[in-house]
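What follows is a set of notes on a single structure, which appears directly below.
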């Protein structure tokens, strides 16, 4: 009864041509007897459930059980639910802690049933149990979502097609587990470990990147994407996972943090683990576990390259589960990071670690608490290297771990979850957490010098293709006149903190400020200067360095700005119904003062485009201020609320994203 069982177990979007069930929940099978009738209390039936290449009762990958009067949902059990006759209806239930994966169920001497067993967040006995239907609809069943990029001052929602129920994706997810080095080394032990979502999420953290194994994605953080495509190219996980499988488990080129996190989220949801992608703005990469990021700048305020970086944003995933390996009260959301940054137990993986452990500074808890704690709490110390070789400390007010964000349940709005990772800045609870984490720099940090105050202000209208001003604002809070030097510069920036070419520069040697006075210094950013220098992230780093001649003290203000891409307008033509051809009219106005060549629109959507990307290329260039417009046709396969993800690409305007929610009727 695949259709009935799969619908009952909320796996029917995977298809109803085979049995896919969740653990700890009964499913129904019928046996047609070759001879005789079933008689309660007289006939017996031996049942054996096995998974993995070396099934073993010791490892929990083999279970033997017989018929019971009633189903027992706490263990493998079977019960007859039909009256005596030559057809026997059986209700069968797996243990809520059984290993997930492919199973063979042998009934008696001859009946064999194959099925796939998944985690069950609807089952109170399962370690991934979540007691909220709206959250389950979002974190397990939703096939699309929003990932936040941009900057903490201007978070940009980017649509993503997780597609965990698309054709063939579940099989690929199970193959990822089978290809992990622990399984290849000891398959019996690995299959046994799949009862535990802690183990599975840690395996996925390692297998989504390919640094130690036959993992899914190869990371690349330069502008050279030879042999693959830019991480900005991807609109969803389906194409990535299918490419990995068809390429004989060779890594797909290329990914960056949001792509790694999105693929990990797709695989987790496919296996039944509630999962979400989160974004941490101004995220620290601490390489030596001292909870401090030491940065060096030159006398123009430009960063000197270092392994320790502040990423403009960084994405990872959170998975919902209990933590019986830790002391009580650390259940719930656990952070894991599939982006390969540092090794954990000799492997490029990170987590899972309870969010509460990060918040309370419990850095001895498994796994990788110090690294994640530093990502949201590290202190920044800035030094200026002078031409004579000497260094001096620079005052800098940058605080890492800003606006930690995820998609809201049931809407595309941004939910700020910073409070799950950090106590309020300056609170007694924060100080206690720092004491517990031995975060001496934060504990000892004195109030910043309030004499000269330096900030960077921007205008509201900063669109790609426009010329605009930014401002360094200097305030003299002292009782005496001040003479200063102000260096104000800008450069292209990648999201992980690497700086590119200069976009505009100003050096004022004699800035005079009266007591209580303020000076507002503009810097003009022209498209003719920044246009060819921008990375695909559309980020520009603004840095103002103020040198007080009277004291020799230096103050640094840094602000990363993101330039807006034009909007893609999406118009649905006709009444959206399942299995009926539908058209979308896509329009984008060229905002640049130069023509766009090789323009192409692409669309993708779970249960909308058949698990494929549909592309439509324009036959001619699009001049400044003109519209690029196409019609794209697709056939929805399932009713409900679906997200149509759109990408526009051209020579000068790359990977512009848009989306529209479409309600598909029956």
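Our numbering is plain: 1 for the first residue shown, then up by one each step along the chain.
Cβ atoms are placed via backbone N, Cα and C, with glycine included.
Pulled from TrEMBL:
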| type | residues | note |
| --- | --- | --- |
| ACT_SITE | 257 | active site |
| ACT_SITE | 314 | active site |
| ACT_SITE | 337 | active site |
| BINDING | 377, 379, 425, 430 | Ca(2+) binding site |
| DOMAIN | 249-340 | domain 'Transglutaminase-like' |
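The CA atom of residue 377 (Ca(2+) binding site) is located 14 Å away from the CA atom of residue 314 (active site).
Ranked by CA distance from residue 314 (active site), the recorded positions 257, 337, 379, 425, 430 have 257 at the top as the closest. Its Cβ placed at the centre, residue 425 (Ca(2+) binding site) has 9 other Cβ atoms within 10 Å.
Working note on the recorded positions 337, 379, 430: by count of other C-beta atoms within 10 Å of each C-beta, 337 ranks first. Sequence-distant contacts of residue 257 (active site), defined as residues of its own chain at least six apart whose C-beta falls under 8 angstroms from its C-beta, comprise 311, 313, 314, 315, 316, 339, 495, 496. Local packing around the Cβ, expressed as the count of other Cβ atoms within 10 angstroms, is greatest for 314 among the recorded positions 314, 377.
When the binding-site residues 379, 425, 430 are compared by Cα distance to residue 337 (active site), the shortest distance belongs to 379.
DSSP assignment over the domain 'Transglutaminase-like' (249-340) gives 15 helix, 41 strand, 36 coil.
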